[in-house]
């Protein structure tokens, strides 16, 4: 969490007007949108670039991209920690923008400089050599710089944008913020579509030099736009990181491990440390060993005059403890999202499949092999819109749930659909390989098979549907289990799951590659798809997905604490009797009361 010097956005010295506001929207959104086009524009075709220009095998290139994805998903957690604790959002975004630009320029140079890559070769002649260590180093440096930049921009951009519009004195503050979020997510969706279509098409049509140069130009424009608006921004100062607060609970619990718990018959609220104004006075009995971190031994030494802890690494608040408990309780359900994230992250092999199929769409126009992922995004977008506007209103009439169905039900259906996605991929690949063998193309790598690439659309669409159900359900579940002011945990949990999923995906590919080619046999994930058995690879993913679904069912039944939305400090109000009740219930009582004063609804 961060806090500003003043409650309201400051005014500029020269013009006497408030900083932030609508005038900053083009600069903030342009930075995020063009960064996404630039970085995502590299990913779809990257497997082809590694195979054709760096002589990677299909398995080696896919494994490298999985690891790149893992680092790129992990870095935002680190970036959020730095911005919240030390540097603030503006500085982190500024440094990350320059770092991303440097990474894209480095990647562009790998295409421009022949010495940065191995010499050209023909795989059919067997004269291809591996890159030199210096060439590997240059390529992976570009990957690393892009990942580091991503880690700074993505966790901070939307929060930094919200800082520009957050004006408590404005009666329409919530509506303005909602408008910003709508424009923000719309820009993200458009950016992804442009990256998967326009940028990919340029790379396929005009080559790697121009194809990688376009993202560099876009990122340069993104940086210029961001820094042009520097004097207009509200720059909120860093305060404390949520991750630090959670770590303090673990450290304090260990330090206080020899303490005795207060007597069971005692009130308890005088033995535990609560922040000023907090309604959480006594910790729950679940994971009770963590409660020792908030036991007060000597109030005079351990508490300051304002009631805060003198040493937060020895004494924590009940709120900190309960947040960590909620996080731990969620871990089993969270772990079930790793396998579906592996499925969602399948970008490389479908591109290789598409290169061997007839990609004609309308007339002579061919869909770029790397653009078929667009069908997944379109499906996800249509499903979210349909679910929110049509399905939820109808379902809620029968389920009495304002969300239509519960969080865990939505997550489970997403896992179920993902099993069908990998099954469809396996069946299509089996048919494609059989057609290639019938046409005598077994030894002809990358030869086009007389089969339409439109058969790949079902697997992409099912993955998009599964993501719309599971991923969004995950984030909503995480948000429901933590205080609204700590919503960043939800994003961090999801990002961490994607990072681990990419590592798991890399491990799966490497294991299948090593085991399947023992005894001199052709690898199932061979660079020659016609000799390999990618259908077996997808069947393995299907089996793992089914096993994960069974594991989810077990976790879902075992962990009932995730079924309802937890009530935290900002979600409760005090009634006339001095008792605390959920804010929604209080608002309902107020609405039914004869006192119709509007002050009841301004809280």
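Start at 1 and count along the chain as shown; that gives each residue its number.
Placement of Cβ uses the backbone N, Cα and C atoms for every residue, glycine included.
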Which residue range, 136-162, 244-270, 271-297, is the one TrEMBL calls transmembrane segment? 136-162
Range annotated as transmembrane segment in TrEMBL, from 489-516, 573-600: 489-516
Kindly point out the range from 319-340, 341-362, 407-428 that TrEMBL annotates with transmembrane segment. 407-428
Given 35-55, 56-76, 182-202, which one carries TrEMBL's transmembrane segment label? 182-202
Chain residues in Cβ proximity to the transmembrane segment (136-162) (below 8 Å; excluding those fewer than six residues from its ends, i.e. six or more beyond): 24-25, 28-29, 31-32, 35, 39, 42, 54, 68, 71-72, 74-80, 82-83, 89-90, 92-93, 95-104, 106-107, 109-110, 116, 177, 180-181, 184, 233, 488, 491, 495
Under an 8 Å Cβ to Cβ limit, what residues of the same chain, 6 or more beyond the ends of the transmembrane segment (209-234), are close to it? 4, 9-10, 12, 19-20, 23-24, 26-28, 30-31, 33-35, 37-39, 41-42, 45, 90, 93-94, 97-98, 100-101, 104-105, 107-108, 110-112, 160, 163-164, 166, 199, 202-203
For the transmembrane segment (182-202), the candidate among 91-115, 365-387, 536-554 having the most Cβ pairs under 8 Å is 365-387
In the same chain, residues at least 6 away from the ends of the transmembrane segment (489-516) whose Cβ sits under 8 Å of its Cβ atoms read 57, 59, 62-63, 66-71, 73-74, 76-77, 80, 155, 242-243, 323, 327, 330, 334, 337-339, 341-342, 344-346, 471, 474-475, 478-479, 482, 522-525, 533, 536-537, 540-541, 544
